[in-house]
Amino acid sequence: PAFRLFQRGYYQVYLPALAADWLQGPYLYKLYQHYRFLEGQIAILYVCGFASSVLFGLVSSSLVDRLGRKKSCVLFSLTYSVCCLVKLSRDYLVLAVGRALGGLSTALLFSAFEAWYVHEHVERHDFPREWIPVTFARAAFWNGAIAVGAGGAAEFFAEGLGLGPVAPFMASIPLLVLSGVFAVRNWDENYGKKRTFSRTCGDGLKCLLSDRRVLLLGTIQALFESVIYIFIFLWTPVLDPHGAPLGVVFSGFMAASMLGSSLYRLAVSRRYHLQPV
């Protein structure tokens, strides 16, 4: 019972943050198109977001450990809320700054929350380490379910209510505020080891170059992510001229992703014994 209560406290903060993130997926390109930007200009805005995510991703672990995991999660709520509000502007430079803030927020989303959970699970509550994957597996399931629902919700706000492509971004803000409020009220602060940025990067580079498997895995992951980012940029301009409901299409993508994860888990289960080689 104590573990389940602890899990619920984590999900109360993490799941609204994920929902806010997914709500913004279907209509980002459409919004920039609505503001009359050319495809090349939109591509630069996308690159600003991706580059910012890479840059802040390098320093996010050190930043989170020094600032505190709880404060970092609250900072995520603030920066992502500002990123959403910026979408109301039609100024190109303001939108570029918004994309940079989005990159920072993404780096925090995929580092601070899980780091907070692992520390609390092991250090404060002394639960068995084997229970950590249980929490993350459930979070992964709900992540997929929320992503599917977010596509339909974005479609409803943008097209159903006729509020336009900026509406899903405004709908994300209350979820981000909710996530931040729950973190402030219910979470305790914890910190990681304070290591210098140069040492962290040095250790990472040493690991990358000393083990050929790590280098190959990183290369494969980079190639895969490149394909995904190209797809993310192109799917809206390809389908939108045909009148495709973007939110529903996005939900379809997310449902297919959940199906792929389920098939993988089935394949490596004891029943089929298909192991990755």
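Just so it is clear, glycine is given a Cβ too, placed from its N, Cα and C backbone atoms.
According to TrEMBL, the transmembrane segment annotation covers 42-60 (among others). Long-range neighbours of the transmembrane segment (42-60) within the same chain, counting only residues 6 or more positions beyond its ends whose Cβ lies under 8 Å from a Cβ of the stretch, are 29, 32-33, 92, 95-96, 99-104, 106-108, 111-112, 197, 201, 229, 232-233.
Among the features that TrEMBL reports, transmembrane segment is placed at 100-119 (among others). If one looks beyond the transmembrane segment (100-119) by at least 6 residues along the same chain, the residues whose Cβ comes under 8 Å of a Cβ in the stretch are 10, 13-14, 17-18, 21, 48-57, 60-61, 64-65, 69-70, 72-73, 75-76, 79-80, 82-83, 86, 132, 135-136, 187, 190, 192.
If you look up TrEMBL, you'll see 131-154 (among others) marked as transmembrane segment.
The transmembrane segment annotation in TrEMBL covers 166-184 (among others).
Positions annotated as transmembrane segment by TrEMBL: 214-235 (among others). If one looks beyond the transmembrane segment (214-235) by at least 6 residues along the same chain, the residues whose Cβ comes under 8 Å of a Cβ in the stretch are 29, 43, 46, 50, 207-208, 249, 253.
The annotation transmembrane segment is assigned in TrEMBL to 247-267 (among others). Cβ atoms under 8 Å from those of the transmembrane segment (247-267) belong to residues 22, 25-27, 140-141, 144-145, 147-156, 158-159, 168, 235, 239, 274 of the same chain, restricted to positions at least 6 beyond its ends.
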